[in-house]
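Take a look at this one; I'll ask things after.
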Amino acid sequence: MGIKRLSKLIKTYCSEGVQNRELKYYSGYKIAIDASMCIYQFLVAVRAEGQSLSWGDSTTSHISGIFYRSIRWIENGIIPVFVFDGIPPEEKIHEFEKRTKRRQDINAKLQDAIEQQDQVLVSKYDRMNVKMEKSHIEECQKTLRLLNIPYVIAPSEAEAYCAWLCKSKFVDAVATEDMDSLCFGSPLLLRNFNTALSQKLPVEEYNLHKILEGLQFTMEQFVDLCILLGCDYSATIRGVGMKRAFEYIKKYKSIDNLIGIVDFPDDFKYKEARTIFFTLGTDTSNNFTNENPINTNIATWDLIAVDSASINIEAVIDFLCNEKGFDKGRIETGIKKLQKQKKVNKQTRIDSFFKKKL
């Protein structure tokens, strides 16, 4: 879910905190990618176009998306670092339950539309019914591993780990559609990053420092604002929307000061949500050595690179072509494009000289 209406709030009350850029602006950047969000977009995009990208009984749109989109980013001088979700906080269970209920409702509507032979509604609910499976994630990780493109499985929430990587200056920005990466302290958040090439959209860049400065909020007040707006770790408050949430924090400074003023539901666990936002994006939660080759293919955060020179082409062909049915010629062409981009691993932005040491 992310943070409800946060993007609109920032554009309304602090327009200087967001700006549009072309993708080429980020040449030379190392960017942490919210992998789950990325895969989900690939799965939905194929449904939206009315295609059926599959091999046998297996969907392959997620693999195709990861393969070709990564190549395009790297061709543009960008090093993607894919971050996958780990174990979610217990407080997120209620959000998963709501998603399950929504999916059941959507599936029922889909079946009704099929019975009525309403192709417009069938297409609509089919897209809404997309579910990312464990196999989708594992196949994308294998693809990245074979291509030597950096990836890591986070200890917990991917958005929190992305924020930590950015705060620690191991990457330069975070690419996700979920605005809660700002709550975890990500200095720079990029939206539309995954679709900027395919849909020719500008990348929306959110600068946390400018947002806090423009709103005249502390980080603590900003997090409380986001909890009031609605997040994954607490219930929402009936009657509190974007404008009222902003006015409450502007006037009362803290959710604690709203006790007795606002009628909080029993499951409004704002203190627990605060704790998650202020702990999951810290060194304490994320400072671990990259010892398990299953969890990551990155040896050290100070040397993040796309090692295209040592790609095992036979292994890539065996998985993508023999096992998943991709066209061998196209895959070989893609690999050649990757191997032409060796310089992207050597380009360094000036602030990388100040990267944090573990």
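Placement of Cβ uses the backbone N, Cα and C atoms for every residue, glycine included.
Sharing the features that Swiss-Prot gives for it:
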{"type": "BINDING", "residues": "Asp34, Asp85, Glu157, Glu159", "note": "Mg(2+) 1 binding site"}
{"type": "BINDING", "residues": "Arg47, Arg69, Glu157, Gly230, Asp232", "note": "DNA binding site"}
{"type": "BINDING", "residues": "Asp178, Asp180, Asp232", "note": "Mg(2+) 2 binding site"}
{"type": "REGION", "residues": "1-103", "note": "region 'N-domain'"}
{"type": "REGION", "residues": "121-252", "note": "region 'I-domain'"}
{"type": "REGION", "residues": "346-354", "note": "region 'Interaction with PCNA'"}
How many Å lie between the Cα of Gly230 (DNA binding site) and the Cα of Asp180 (Mg(2+) 2 binding site)?
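Between the Cα atoms of Gly230 (DNA binding site) and Asp180 (Mg(2+) 2 binding site), the distance comes to 10 Å.
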For the region 'I-domain' (121-252), how many residues does DSSP put in helix, in strand and in coil?
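Result for the region 'I-domain' (121-252), in helix, strand, coil order: 66 helix, 15 strand, 51 coil.
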When you put Asp178 (Mg(2+) 2 binding site) at the centre and draw a 10 Å sphere around its Cα, which of the binding-site residues Asp34, Glu157, Glu159 have their Cα inside it?
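Final answer, ordered: Asp34, Glu159.
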Averaged over the region 'I-domain' (121-252), what pLDDT does the prediction give?
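A mean pLDDT of 92 is what the predicted model shows over the region 'I-domain' (121-252).
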Which one of these binding-site residues, Asp85, Glu157, Asp178, Asp180, Asp232, has the sparsest Cβ neighbourhood, judged by other Cβ atoms within 10 angstroms?
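Asp85, out of the binding-site residues Asp85, Glu157, Asp178, Asp180, Asp232, has the fewest neighbouring Cβ atoms within 10 Å.
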In sequence order, which same-chain residues at least six apart have a C-beta under 8 angstroms from Glu159 (Mg(2+) 1 binding site)?
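In sequence order, the residues whose Cβ lies under 8 Å from that of Glu159 (Mg(2+) 1 binding site) (at least 6 apart) are Asp34, Val174, Thr176, Asp178, Asp180, Ser181, Phe184, Ser186.
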Would you mind checking how many other C-beta atoms are within 10 angstroms of the C-beta on Asp34 (Mg(2+) 1 binding site)?
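Excluding its own Cβ, the number within 10 Å is 28.
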Which residues, in sequence order, are found in the same chain with Cβ within 8 Å of the centroid defined by the Cβ atoms of Asp34, Asp85, Glu157, Glu159 at the Mg(2+) 1 site, excluding those residues themselves?
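Near the Mg(2+) 1 site, beyond Asp34, Asp85, Glu157, Glu159, sit Ser36, Met37, Val83, Ala154, Ala158, Ala160, Tyr161, Cys162, Thr176, Asp178, Ser181.
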